[in-house]
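Undergrad: Below are the features I grabbed from TrEMBL:
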ACT_SITE  Asp203  active site, proton donor/acceptor
BINDING   Glu18, Asn147, Asp203  divalent metal cation binding site
BINDING   Arg101, Asn103  substrate binding site
DOMAIN    16-262  domain 'SMP-30/Gluconolactonase/LRE-like region'
Amino acid sequence: MAPHDIQALGSHRCLLGESPLWHPAEQCLYAVDIPGRQVLRWREGADAPDAWPQAAEPGCIAARAGGGLLVARRDGLWALDTETGAQALVSPPPYDPARLRFNDGKVDPAGRLWVGSISDAREPEAVLYRFDAGSFAAQVTGLTTSNGLAWSPDGRRVHWSDTKAHRIYVADFDVAAGALSSPRVFAEFSLRTPGVAYGGRPDGAAMDAEGHYWAAMFEGGCLLRIAPTGEVVRRIELPAACPTMPTFGGADLRTLFVTTAREKRPAEELERQPLAGAVLQLRVDAPGLPAMLTHS
Ligand SMILES: O=C1O[C@H](CS(=O)(=O)O)[C@@H](O)[C@H](O)[C@H]1O
């Protein structure tokens, strides 16, 4: 694949794909379809993914050190045995599932799962949690759509976003303690303004080995590569208006896989953008950081 030759991974289309994960031990791609209520896995060369139906919307997944996945669903945190298909509740949710569900999540450099929630009514009642030793501890409150988690290559800075607020934040991170401090705005984007072209809002993200943060811009139809200073240094246009999250994969971690959404998009847009809902793939120069495994 030439640079910026953007293709769909097979013919599968998600309603709202999210949480792409290149499994470092299995060398294959996983993702979720949130409203489609499925965990998906693409094996090398397969057109259609394997699918594990879920009883509630899965917001994100993480690879477990002992094998299988953790699935953060509206109704709690679940273990999924990808060999047998068995599912077991690990923890109930730390919120009211009638109003919130889990959204973006990622494993920190010490193997703890961090996962945030999203408010169905898009009120600022969502929280970013750390899950460790069997319990959730709130780390950031007052969010609307917790998203965009990514650690710097040295593990000393953590980033997250609030999609509705159009902001990405950064904080110092103490790996041993699993604690963030000095949160500040990393990058911010214009809200929708009548008469002005809309650039989208920051959704899921991935970090490359050079310490640049890649943000999917929901309704902006692009990926942004953002330097550690917060400056946007590159923009890659995508053939889908609603990318939701990138992740680095392939043997050299230089293939960027990007989940996208087609749910609730206008019919004329879907006609113009037949790849909406696909997992997109493109080659990039700087490799990404491998996904961490969780010990939970
Ligand atoms: O449900 C979701 O939607 C949001 C986009 S928005 O909050 O509706 O603008 C997306 O960012 C999120 O990742 C997804 O889970």
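Positions of Cβ are set from backbone N, Cα and C atoms, glycine also.
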Undergrad: Including all protein chains displayed, how many Cβ atoms other than that of Arg101 (substrate binding site) lie within 10 Å of its Cβ?
TA: 22
Undergrad: Among all protein chains shown, how many Cβ atoms are found within 10 Å of the Cβ of Asn147 (divalent metal cation binding site), not counting that one?
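TA: The answer is 32.
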Undergrad: Quick one: which residues besides Glu18, Asn147, Asp203 have a Cβ within 8 Å of the divalent metal cation site's Cβ centroid, in sequence order?
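TA: Counting only non-site residues, the set is Ser19, Asn103, Asp104, Thr145, Gly148, Thr163, Gly204, Ala216, Phe218, Thr244, Met245.
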Undergrad: Out of the recorded positions listed (Arg101, Asn103, Asp203), which are within 10 Å of Asn147 (divalent metal cation binding site), Cα to Cα?
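TA: Close recorded positions: Asn103, Asp203.
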Undergrad: Which residues, sitting 6 or more apart from Asp203 (active site, proton donor/acceptor) on the same chain, put a CB under 8 Å from its CB?
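TA: In sequence order, Asn147, Gly148, Ser161, Thr163, Ala215, Ala216, Met217, Phe218, Pro243, Thr244, Met245 meet the Cβ cut-off.
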Undergrad: I'd like the number of other C-beta atoms within 10 A of the C-beta of Asn103 (substrate binding site), please.
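TA: A count of 28.
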Undergrad: Under 8 Å Cβ-Cβ from Glu18 (divalent metal cation binding site), six or more apart in the same chain: what's there?
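TA: Within the chain, Glu18 (divalent metal cation binding site) has Cβ neighbours under 8 Å at Ala31, Val32, Asp33, Ile34, Gly59, Cys60, Asn103, Asp104, Gly204, Thr244, Met245, Thr259.
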